[in-house]
Structures are given as structure tokens and as C-alpha cells.
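Participant: Heads up, here are the entries from TrEMBL:
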type	residues	note
COMPBIAS	32-45	compositional bias 'Low complexity'
DOMAIN	29-373	domain 'Aminotransferase class V'
MOD_RES	K216	N6-(pyridoxal phosphate)lysine
REGION	1-48	region 'Disordered'
Amino acid sequence: MTSSPPGLLPHDDLGAAWRKARPRPAGRHLDSAASSRQSSRALEAAAHHARHEAELGGYVAAQAAENLLQQGRSVIGGLVGMAAADVAFVESAQAALSALLTGWRLPAGSRVACLPGEYAPNIGALGAYGLRPEPLPVDGAGRADLEGVERLLRTDPPRFVHLDHVPSHRGIVQPAAEIAALCRAAGVPLVLDAAQALGHVDTDVGADVVYGTSRKWLAGPRGVGVLLARPAITEELTPVMPGGEDLPPMRAFESAEGHIAGRIGLIMAVGEHLAAGPDRARERLTGIGRATRALLDGAAGWTVIEPADEPSATTTLTPPDGVDVVATRARLLGEHGIVVSALGRERAPGEMAGPVLRVSPHLDVTLEDLEALAEAL
Ligand SMILES: *Cc1c(COP(=O)(O)O)cnc(C)c1O
């Protein structure tokens, strides 16, 4: 970890390159946990494929792109320590979880251990498949308590553990590698929701299933997601329709109708992430999180929730008494051109005490952007 002098962000070259690689923002975009800004190359690659569809026909164009798609599965697999054959393109993280649960066909009532702060739509999906979410032990910040997790796995093992590597409502990085090791030792599969983790933190942690989305920290297009499963899990899955005979089994979970142009845009975005150097990118994102928290904590009475040094770029803030978060988000956008998110308690009702403002800048942010936000608050 490179630590930079206070008041400076590490690896400014990455910020400059990221900024130069994409269209100029209309304002200050500090909202990558919702949706990042795509690069010009990713946009052009997707447009190029869409044009091919118009020229050749959608299915002929998809066939022509298959080599590129397969290279993409390979590099996406590499982000989590899996192989191209373990990867399926889907439409979103939510669609990935549904595809997994559809295929897994676990008996109704099967217990699934997840964080008390689990993303509410994931709780909904587990329930829709008849599964019973049960809380993993956590500390006061919502971080999994490893001793408690080890005890749970030993004394009363769930059917699987479902972990949000970085939650949606808080910039806490869960100890996913440690939990993966505990799960492996206990013979309990670990399913990792990496929607906020891919492109943001190290996701090569040894999980059995990983799923995520293109548009957040990987800065790919919307409407694309990925589902990855190791062969031992894939063997337990039964697809709705059998896949092609010569294809890896996970391909049966890839939606046959899909935004192929978007998948190609995502592959470009992953290529750019790898070219930038994921380690350096993570160092800069950690520095950004630290600077954001230092500049915003206490600004106009807003309070930062995350520990100051949490190695993520996401910061959430609780409002001073009487200040409405949704109205603040609208005011920041309308009057200052600053894009952030307002999250209501319903996002993670098991953990959130009230609404928060979420600030999630990507590599291109400047200290001046963050100071402008503090000033606007
Ligand atoms: C955004 C998010 C999802 C859902 O991703 P989609 O691509 O919108 O389906 C799931 N889990 C977490 C933790 C998220 O932040």
C-alpha cells in the first residue's frame, strides 16, 4: 500500500488517464456505486457491434463476435480466479442470483447465512426460492465477525453462505478471503455478491460462486451482469434447458437473448481495468475513500459511517437533524451538478438506522470535486 501525504491522492496518472479515456462529464459524477461513466472505447465497441447487427443480422454478428466473447469470459474469470468455462453472461447481478437459484433447486426451507445488512432485493430473491436467510454474526460496523462465522459453520452449518463483498449501503469491505477459507474448511459453499466489488477491491478470494454487474466499478454498460461458478457447484445445477453439447455447462445459464453489444462493451472495460493495473487502481480508490471521509465528516453536520481508513472508495453519510437526504441529493444535482445517491432504509433494513447519502467517486475524482461537495453540503 502506497500511502501518500495527507491531502494528496495516490497515482494521479491513473486519474488523468481515466478522465481522458471518456466523454467529459456534465457535472461532478461521484456515483460509481450506482453506475460509472463508460470509456469512449467501451462505448465505441458496443456501438460497433450494434452496427454489425444491422449489417450482418443479429445472430451472424454474435457468431462473428464469439472469439471476443470467449476472451472476455477468460479475463472476467481471471478477476475471481476462475476459468472461461465457469463464466456466464447475464443481464444484471440480480439476474445472476436468480439464474443460480433457479439452477440450484435447493429444498424449500434451506438455510442461507448472510449479513444482517444484506441487500434487500437479495433477501427477496432468497425468499422467492423458498430459502431461509439467517444472520451472520457481525461487529458494530457490520463487518463479519470471523470467530462467530467459524462457530456457526462448525456448529450449525447453513446450506450456503451468501456474502456481499462490499455492500450497497456502506463502504465496508468484508473479509471475503477469510470467510472463503472458513467455508472451504467447513465444506459450506460461499456465494459472493461482487456487484460493488468487481473493479473496486480484490475479488480473487476463493469463493465458489461469484456474481456481479458491469455498470458499477468496472465501468461497463448497463444491462449486463456475470455469473461465475466453480465446477463443483456447476455439477449441482440443473439448467431450465440443457446447454449445447459441446459447450461448458455454465453456458446453459447464459441468457440466450442478451445485449451482446453490451457484453462487448464490458469486455473493453475489463481490458482497460487490467491495463490500468488493478493493484494501483485499488490503491487510488482507497486513497479516494480516505480523502472523501476526511473532507466530508462533520461538513455541515453530516457524519461519515465508515472507518476513515476503510479500503474502499465508498462513503456514506447520515444527515444532521432535520435534513432530508432525498431532498439533499436533488439539491446537489440540481444546483451544483453533483451526482450522488440517496439510499433509504429499505435498501438494507436489517442494518440501516435511517437514510444515507452515498458518495462513490471513481479514479478521476479530484480533491477539488470533493471540496466542492463539502462546500455544497
Ligand atoms: C447493485 C447491487 C446489486 C444488484 O445489481 P444489479 O446489476 O442492479 O442487479 C446486488 N448487490 C449489491 C451489493 C449491489 O450493490
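Residue positions begin at 1 at the first shown residue.
Backbone N, Cα and C define each Cβ position, glycine as well.
Because TrEMBL annotations are produced automatically, they should be read as predictions rather than curated entries.
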Participant: By a simple count, how many Cβ atoms lie within 10 Å of the Cβ of the residue listed as 'N6-(pyridoxal phosphate)lysine', its own Cβ left out?
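Facilitator: Counting Cβ neighbours of the residue listed as 'N6-(pyridoxal phosphate)lysine' within 10 Å gives 27.
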Participant: Please list the DSSP helix, strand and coil residue counts for the compositional bias 'Low complexity' (32-45).
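Facilitator: With helix first, then strand, then coil, the compositional bias 'Low complexity' (32-45) has 6 helix, 0 strand, 8 coil.
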Participant: List the helix, strand and coil residue totals of the region 'Disordered' (1-48) as derived from DSSP.
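Facilitator: Helix, strand, coil within the region 'Disordered' (1-48): 18 helix, 3 strand, 27 coil.
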Participant: Averaging the per-residue pLDDT over the domain 'Aminotransferase class V' (29-373), what integer do you get?
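Facilitator: Mean pLDDT, the domain 'Aminotransferase class V' (29-373): 97.
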